[in-house]
Structures are given as C-alpha cells and as structure tokens.
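Feature annotations, reproduced from TrEMBL:
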type: TRANSMEM; residues: 6-28; note: transmembrane segment
type: TRANSMEM; residues: 49-69; note: transmembrane segment
type: TRANSMEM; residues: 75-98; note: transmembrane segment
type: TRANSMEM; residues: 110-129; note: transmembrane segment
type: TRANSMEM; residues: 149-169; note: transmembrane segment
type: TRANSMEM; residues: 176-196; note: transmembrane segment
type: TRANSMEM; residues: 216-234; note: transmembrane segment
type: TRANSMEM; residues: 246-267; note: transmembrane segment
type: TRANSMEM; residues: 279-297; note: transmembrane segment
type: REGION; residues: 317-339; note: region 'Disordered'
C-alpha cells in the first residue's frame with residue numbers, strides 16, 4: 001500500500017498548503033471578531049454595513065476557502081504530519097491581533113507563541129512522512145475495524161460532555177471553554193478530509209470515479225463535510241462573545257490534539273514508526289499543548305472583554321435603573337467604572 005518513492009517529496013507541498021490555510025483561517029476568524037467589535041462600538045450604526053461585510057467575508061473564508069486548502073494539503077501529506085501545523089493559526093493570530101483588533105501582546109502570549117511554533121516545527125522531524133495507496137481494500141482495512149468504532153464512540157461521549165458546558169450563561173468562561181473546545185474537537189477530526197482527499201486524488205490518477213463505486217467513500221465524504229462545516233457554528237458563537245486571542249487559542253489547541261489522536265487511532269499513521277519517533281512526536285504535541293495551556297490560563301485571569309457579555313450589560317443597566325451604585329463584574333468584584 002506504500003506510495004512510489006518519487007511521490008514522497010510531495011509532503012512539502014502539503015505543509016505549504018496547510019500554512020496558507022492557517023493564515024486564511026486567522027483572517028477569517030479575525031474578520032468575524034472585527035464585525036462584532038464594531039457592532040458593539042459607539043459607532044455601531046455607522047459601521048453596521050462594514051461589520052456585516054466583515055462577518056460574511058469571515059464566514060466565506062472559514063466555510064469555503066479554508067476547507068478547500070485543507071483538502072488539498074491532506075492530499076499530499078500524512079495527517080499526522082499536517083496536524084501540528086494547525087498551531088500556526090495561533091501564531092498568526094498573536095502577531096496580527098494587536099494590529100487588527102487592538103488586543104494586547106503580553107510576555108505570556110509571546111512565550112506561548114514560541115512554544116507552539118517550536119512544537120510545530122519539531123514535529124516535522126518525528127512525524128511519519130509515509131503516504132499510502134488508498135485502494136478500496138486498504139480503505140476498508142483502515143476504517144472498518146474495532147479501533148475506529150471505539151474511537152467514534154468515545155468521540156460521541158466527548159461531544160456530549162463538552163456540549164453541556166455551552167449551556168452556561170453568555171460571557172461565562174466555562175461557556176467560552178466549551179465553545180472553543182467543541183469547535184476544535186469537530187474541526188480536529190480531519191481523518192475524513194484526509195481520506196476524501198486521497199480518494200479524489202486517486203480519481204485523477206485513474207481518470208475515473210472508480211474509488212467512489214463503494215458505499216464507504218460516500219460515508220467518509222459526508223463525514224468530511226460535517227466536521228468541516230459544523231465547527232464554524234460554535235466557533236462563530238465564541239468569537240462573538242470572547243476575544244480572538246482567547247477563542248482561537250482554545251480552538252486551535254484542541255484541534256491539534258484531536259487531529260493527531262484521530263490520525264494515530266483511526267488511520268494508524270504511526271503504527272510502523274520507530275518508538276523514538278513516536279516519543280518525539282508525543283513530546284512535540286505536549287510542547288504545543290503547554291503553550292496553549294499557558295496562554296489560556298493567562299487569558300482567564302486578565303481578560304477584560306469577558307465582562308462585556310450581553311447578560312452583564314443587562315445586569316448593569318438594571319442596576320443603573322434601580323439606582324444601585326454597585327455593579328457586579330464578571331469575576332465577582334465590585335466595579336466603579338461607568339457604564
């Protein structure tokens with residue numbers, strides 16, 4: 001099932017396409033956040049048209065352009081190799097958000113970026129570079145087995161548990177955590193996108209639609225569309241309530257981990273690698289996760305924008321109408337700031 005040696009170098013092209021995809025994803029997410037900020041500003045009515053254009057432009061980029069680039073990237077490189085490069089979205093967001101959204105770049109954020117970038121770069125040397133010939137027999141041998149069924153059952157339970165967190169009030173950090181992790185968990189199941197990309201590539205190689213004559217490729221195609229589109233719903237909700245630096249980090253960090261797990265558990269892309277390579281790959285993932293955790297904990301302690309959720313504003317307005325001088329902040333402290 002191994003691909004010819006002359007095709008081995010194409011993983012470089014796959015990584016290049018994924019880097020472009022992460023940059024487009026950053027632009028799309030920041031456009032959504034930009035639209036919400038201008039809608040909330042004192043110039044909300046004057047900027048309404050611009051905010052709407054930004055919002056729908058962000059949706060188009062995240063719904064169409066990003067998935068198309070991902071599909072192309074996964075056609076040329078193993079999923080286990082592409083997965084860590086989702087962390088570059090965090091890097092682009094950290095570098096651009098202070099300029100585009102006026103968010104602050106602190107020492108903690110810079111250190112987090114360096115950890116994510118270092119883990120992403122280091123993963124290239126330990127992840128599998130081996131591609132396979134996705135015939136019908138190989139497709140069934142990979143997807144129709146107990147380890148795939150167990151993974152999907154565990155994934156369903158995970159979605160249920162994380163989904164419960166999204167029922168917290170708007171602006172609550174637990175709700176933000178739930179939205180980011182749920183969106184990242186959905187987007188991280190790229191094994192369907194990987195298989196679909198390989199089948200489409202095989203159609204071009206054979207100049208026929210023979211790879212889709214079976215029922216399994218169509219199930220995988222439906223799964224690819226579902227995972228690629230459904231995450232946008234929760235991501236959009238999160239970006240309209242929380243800062244991009246907070247939400248994008250949660251989203252991308254979760255996506256990287258789930259993407260790597262699905263590549264190993266479902267596709268078995270590290271099954272034939274040396275133990276030292278598996279250990280090195282795991283270490284690089286832990287470095288990426290440590291960067292995400294470092295940033296996320298800092299955001300929870302320093303975030304000021306969270307107190308501007310819709311329910312908080314309503315609470316402040318109610319206090320003002322009742323003549324109360326005390327306003328409850330998001331973190332439970334009294335605030336004397338004007339409404």
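Note: Cβ is positioned from N, Cα and C throughout, glycine not excepted.
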Interface present between the transmembrane segment (246-267) and the transmembrane segment (176-196) (three or more C-beta pairs under 8 A): yes
Sequence-distant contacts of the transmembrane segment (110-129), meaning Cβ under 8 Å and at least 6 residues beyond its ends, amount to 8, 11, 15, 77-78, 80-81, 83-85, 87-88, 90-91, 94-95, 249, 269-270, 272-273, 276-281, 283-288, 290-292, 294-295, 298
Would you mind listing the long-range same-chain contacts of the transmembrane segment (279-297), meaning Cβ under 8 Å and 6+ residues beyond its ends? 80, 84, 87, 90, 108-109, 111-116, 118-120, 122-123, 125-127, 245-246, 249-250, 252-253, 256-257, 260, 270, 273
Does the transmembrane segment (246-267) make contact with the transmembrane segment (49-69) through 3 or more Cβ pairs under 8 Å, each pair 6 or more apart in sequence? no
Looking at the transmembrane segment (6-28) and the transmembrane segment (216-234), are there 3+ C-beta pairs under 8 A, with each pair at least 6 apart in sequence? no
Under a Cβ pair cut-off of under 8 Å, which of the recorded stretches 49-69, 75-98, 149-169 contacts the transmembrane segment (216-234) most often? 49-69
